[in-house]
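Listed in TrEMBL for this protein:
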type     : residues                                                            : note
BINDING  : GLY92, GLY94, ARG95, LYS115, ASP127, GLY128, ARG178, ARG185, ASP264 : ATP binding site
ACT_SITE : ASP254                                                              : active site, proton acceptor
BINDING  : ASN255, ASP264                                                      : Mg(2+) binding site
Amino acid sequence: MPSISFPPYPNIEKTYTSLPESFFQYTKPTPVASPKVLFWNEELALEFQLADWSKEEEALAQFFSGSRLPEGLQPFAEAYAGHQFGHFTILGDGRAIVMGEIQNRSGERFDFQWKGSGRTRYSRNGDGRATVSAMSREYIMSEAMAGLQIPTTRSLAVVTTGEPVLREETQEGAVLTRVAKSHIRVGTFEYAYQTLSLNELEALFRYTAERHAPEVLKQNNPALSFLEFVMKRQVDLVINWMRVGFIHGVMNTDNMSIAGETIDYGPCAFMNGYSAKRVFSSIDVNGRYAYANQVGIAQWNLACLANSLLPLIDKNQETAITLAKAKMSELETWFQERYIRMLGEKIGIPHLTEKDLPLLQSLYQWMQDTEADFTNTFLVLEGVYAPKESIYNDIRWNDWVNTWQEEKKKKGIREEDATFLMQKTNPSFVPRNHLVESALTNANQGLTSVADQLIERGKSPYLREKGYDYESEVPMGGDRNYRTFCGT
Ligand code: AMP
Ligand code: MG
């Protein structure tokens, strides 16, 4: 094979491999037949001093498909476990490999990971590969999430492989390069707690705390403070998802990042017509991860984390349980306050409290009964979107709007302040399912124009501007029958 010269690249480190070997295995990606760059994120590349690579198609394709690596790189796959739909399973990076860690311009450390790059020790029966659709979907959705200013892993590149991947129907394969604060999950702690020694659990804790929450190490009870750190980030994350109508779809503990980023864009989707029970994932038949269940599931997952931290919280198990339980009940209050505040901000009322809840409940009940579009409803309220649907003329809607206006007056909220708050809180754009699907059909033909348009618009999702009607339009029949899939 002729040699290839790589453009200059920043230092690629691997602090993670300071952990005991039970946490990872050195593995190289499996080269692919004919790598071709489909998506490349120039803005993100710039943050990591990889901008020079933009002009080097061949090097890009080779490196970001994992086919040809610079000398000295020692990539690795991470071990973890997880509760999948409530059942504990030993897992690990079955189709992903961490190339290493790179610091951004501000000196923050991020993992760079290939996804879809071939089998590893943790692949079980899987082929280690991913389809163009699935990786393009993750690219589009994660970049939209970043645009919404919600914590998320990012996507640097999608490179197609020129090799078929066998799924329900055969599709071309692709490798995504994911950029994450780290890939340490609730499931990583469960893995250590359930299968390794106390020393190994302790090592994972120290490493993770130093990397993500060094301040907890100065506290009286570092493990308990760490639990609080993760809890708060997770609660904020899920509240943000609910604010924009996002349904993650597969909130297993292995898909919950300790750093509080949205991770693993498998069957996720933004809903159009509101329903508290909305589910898109084809395998979530009981609606475990439905829209309104996400809060309860986050709490359930955090209880799994608390459980795995028990031996570090206190040597005496009884004491540890008492302390962890008290922390979990603080979470309940904390969540409730943040959640109500977010709901209030959606209708332009700051500092909403529990006694104002009936006002919101009647709006949400109306949306549930009429299946009103979640994004558009708040734009109609703000007066920036003129709806075609007759539901926005019905008596219940008009009554509610009147009550809402009176409520704002009673509270002395000025119109411009309410509008300002709503503009910050409610997006005018989310990547609607039919738009994402059309971008994926396009991407499957090696074309990115539809996706590029979506991605560009997704960079300013709070913008109020006329002329964006095409994206506010809801498809006929809504997306009640829309289905998404895991692990494709
Ligand atoms: P996910 O549902 O994508 O979070 O994946 C759950 C687990 O299955 C993870 O440990 C993945 O690494 C693994 N996995 C998913 N798809 C594949 C595949 N095609 N080959 C090997 N492992 C996979
Ligand atoms: Mg996963």
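Every residue, even glycine, has its Cβ placed from backbone N, Cα and C.
Just so you know, TrEMBL annotations are computer predictions that nobody has curated.
Recorded features from TrEMBL, shown on the structure.
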residue : record                       : contacts (Cβ under 8 Å, 6+ apart)
GLY92   : ATP binding site             : ALA77, GLU78, ALA79, TYR80, THR120, ARG121, TYR122
ARG95   : ATP binding site             : LYS115, GLY116, SER117, GLY118, ARG119, THR120, SER123, GLY126, ASP127, GLY128, ARG129, ALA130
ARG178  : ATP binding site             : ALA96, ASP111, PHE112, GLN113, TRP114, LYS115, GLU138, SER142, THR153, ARG154, SER155, LEU156
ASP254  : active site, proton acceptor : TYR80, ALA81, GLY82, HIS83, GLN84, LEU91, ARG185, VAL186, GLY187
ASN255  : Mg(2+) binding site          : GLY82, ARG185, GLY187, HIS248, ILE263, ASP264, GLY266
ASP127, ASP264: which of these binding-site residues has the highest Cβ count within 10 Å of its own Cβ?
ASP264
Distance-selected recorded positions near ligand 2 (C-beta under 6 Å), from ARG95, ASP127, ASP254, ASP264
ASP254, ASP264
Restricting the binding-site residues ASP127, ARG178, ASN255, ASP264 to those with Cβ under 6 angstroms from ligand 1 leaves ASP127, ASN255, ASP264
Taking DSSP three-state, what's ASP127 (ATP binding site) in: helix, strand or coil?
coil
If the ATP binders are GLY92, GLY94, ARG95, LYS115, ASP127, GLY128, ARG178, ARG185, ASP264 per the record, what's the largest distance between their Cα atoms, in Å?
23
Should GLY92 (ATP binding site) be counted as helix, strand, or coil on the basis of DSSP?
coil
